Amino acid sequence: MKPTIALIGRPNVGKSTLFNRLTRTKDALVHDLPGLTRDRHYGHGKVGSKPYFVIDTGGFEPVVDSGILHEMAKQTLQAVDEADAVVFLVDGRTGLTPQDKIIADRLRQSPRPVYLAVNKGEGGDRAVLAAEFYELALGEPHVISGAHGDGVYYLIEEILENFPEPEAEEADAKHPVFAVIGRPNVGKSTLVNAILGEKRVIAFDMAGTTRDSIHIDFEREGKPFTIIDTAGVRRRGKVDEAVEKFSVIKAMQAVEAANVAVLVLDAQQDIADQDATIAGFALEAGRALVVAVNKWDGISEERREQVKRDISRKLYFLDFAKFHFISALKERGIDGLFESIQAAYNAAMIKMPTPKITRVLQTAVERQQPPRAGLVRPKMRYAHQGGMNPPVIVVHGNSLHAISDSYTRYLTQTFRKAFNLQGTPLRIQYNVSENPYENAEDKPKKKPLRRVSLSNRIEKREGRKEEKNRFKKKTKVSVKKQFSK
C-alpha cells in the first residue's frame, strides 16, 4: 500500500503550502494567519513510480492545554501515530523557537521515522539556514522551499527510499477483491465476521484506528475471494475528529487495492459528510460499489423512512449501487449482500462486443437525438469498449464536444440497462473526429494547384532531357582534359 506522510510543525511554517506542492493541488487553505488549517487535509502524490498519501495537519501548539489549539495538537499526535513517516517543518526565516524544541522532544519518542525540513529557504545560504536546527537532534536538516519547490523532490525521494516498490494492483485480480469501508464504529469488522462465519477480526463496540488493513482470503461455494478490512485490530479510546478523519486515508488505501467497495453506513446515525467523502472517493477511483446500511434491526419504522430519505438526498450520486439494509451482528441480509458483491464485480469486469455497443448507441440516438448547441448538432457514428473496472465506452463522431451532461446521463442509463451494469460506475468518453473546416481562418493556407496541360508537360520533360545531355558532354570533356595533362 501507499505510505502515508504526515506534515507536522507549529502554526504558519508553511505546511499547507508544502501539502499543495506534494499533491499538486490547492485543497488546503493557504493564508498567512497562524492556525488557519484547523483539521487534517489529505491527498496523494507520486515521485517516479512510487505513490504516497500526505496529511496536512493543523499547527501544533504543544504548550496549550485547552481550546481549539489543544484539539489541533491532539489531531497532530494522532497523525504521527498513524503515519508511516513524519516531516517536521520549521521556519528558516524565523529560526529555532522554544515550540520547535518541545515538538522535537515529542517526535523523538515516536517510533516513526522523522525528517527535519527547514522551510522558506529560497535565496538563502543552505548551510547557514540549517546550522541552528542541528540542535534538535533529528538528523540532517533538509533546506527546502514549499512555495518554489526547491529541495522538495529530494526530500520526498529520500523518504520513499525506505519503502518497497508498489506491488501490482490487486484491483486487476482475477477474483473479487472487495474492501469493507466506512467511518469508525459502523460495524465493518462485525460484517466481515458475518461474511466469513467466524471471528477472524477483533471487533470492539468502541471506535478506534488501525495501523494496517487486514487482507483475508476465503472461498465461497468453491470460488476464491479476498476481503480487505479497514477496521483491523482496534485500540480502545475516545472517538474524536482525528480518528474520524484518518478513516478516509484507510478507505482510500483499501479502495485502490480492491475491485469492489462495500460502503457500510450506520442506520442509527445520520448520514455524515464523512460517508459522502468516502463514497465519493470510491466513485472517483472507478470501483464497483455496494452499500450496506447496518444496524437496521435496531431502529423504528419511522426512523427507517427517515434514513432512506437521507440516503436519497445525500448519496444521490450512488444511484447505480445496490443498497442492502442489514444487521451484521445478527447476520441478517448477508446472503443478498454477497450476491450484489458478485454481481458488481461481474459488471465491472464485463467485456462488451463492439457491434452490440454500436447498435445500442444508434438505437439511443434514434429514440432521442442529442440537442443542438447553437448551429451544431453532434453526430455519433459508432462506439466500442475502452476499458474495464470501471467499464469505459468510447463514442466516435463529429462535434461531440457539444454533448450536454444531461445527454451523457441519458446514454449512461441506456448502456447500463442494455448490459445490466448494476453496481459499477460507467464512464463515457467522446472521441471527436477532426473537422478540416474548423478554424480554417487560423490555419496556414496552401498554395492553389495549377492545372498543367499535356503539351506543357511534354515540353518540360524534353527540356530536362536536353539539359541532362549537355551536362554529360561537359563532364566527359573535363575528364579527358584532366587525364591528358
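Placement of Cβ uses the backbone N, Cα and C atoms for every residue, glycine included.
For 9-16, 56-60, 119-122, the entry in Swiss-Prot reads GTP 1 binding site, with the evidence type sequence analysis.
The GTP 2 binding site annotation in Swiss-Prot covers 182-189, 229-233, 294-297. Taking all protein chains in view, 21 other C-beta atoms sit within 10 angstroms of the C-beta of Asn185 (GTP 2 binding site).
Taken from Swiss-Prot, the feature compositional bias 'Basic and acidic residues' covers 457-469.
Under the heading compositional bias 'Basic residues', Swiss-Prot lists 470-485.
Swiss-Prot lists 3-167 with the feature domain 'EngA-type G 1'.
Here Swiss-Prot flags 176-349 as domain 'EngA-type G 2'.
Sequence annotations record features per position, and here Swiss-Prot assigns domain 'KH-like' to 350-434.
If you look up Swiss-Prot, you'll see 435-485 marked as region 'Disordered'.
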Binding-site residues listed as Asn12, Thr57, least Cβ neighbours within 10 Å: Asn12
Distance from Gly9 (GTP 1 binding site) back to Lys188 (GTP 2 binding site), taken between C-alpha atoms, in Å: 33
C-alpha spacing of Thr57 (GTP 1 binding site) relative to Asn185 (GTP 2 binding site), in angstrom: 23
Surrounding CB atoms that lie within 10 Å of the CB of Gly182 (GTP 2 binding site), all protein chains: 28
Gly121 (GTP 1 binding site) to Gly182 (GTP 2 binding site) - Cα separation in whole Å: 41
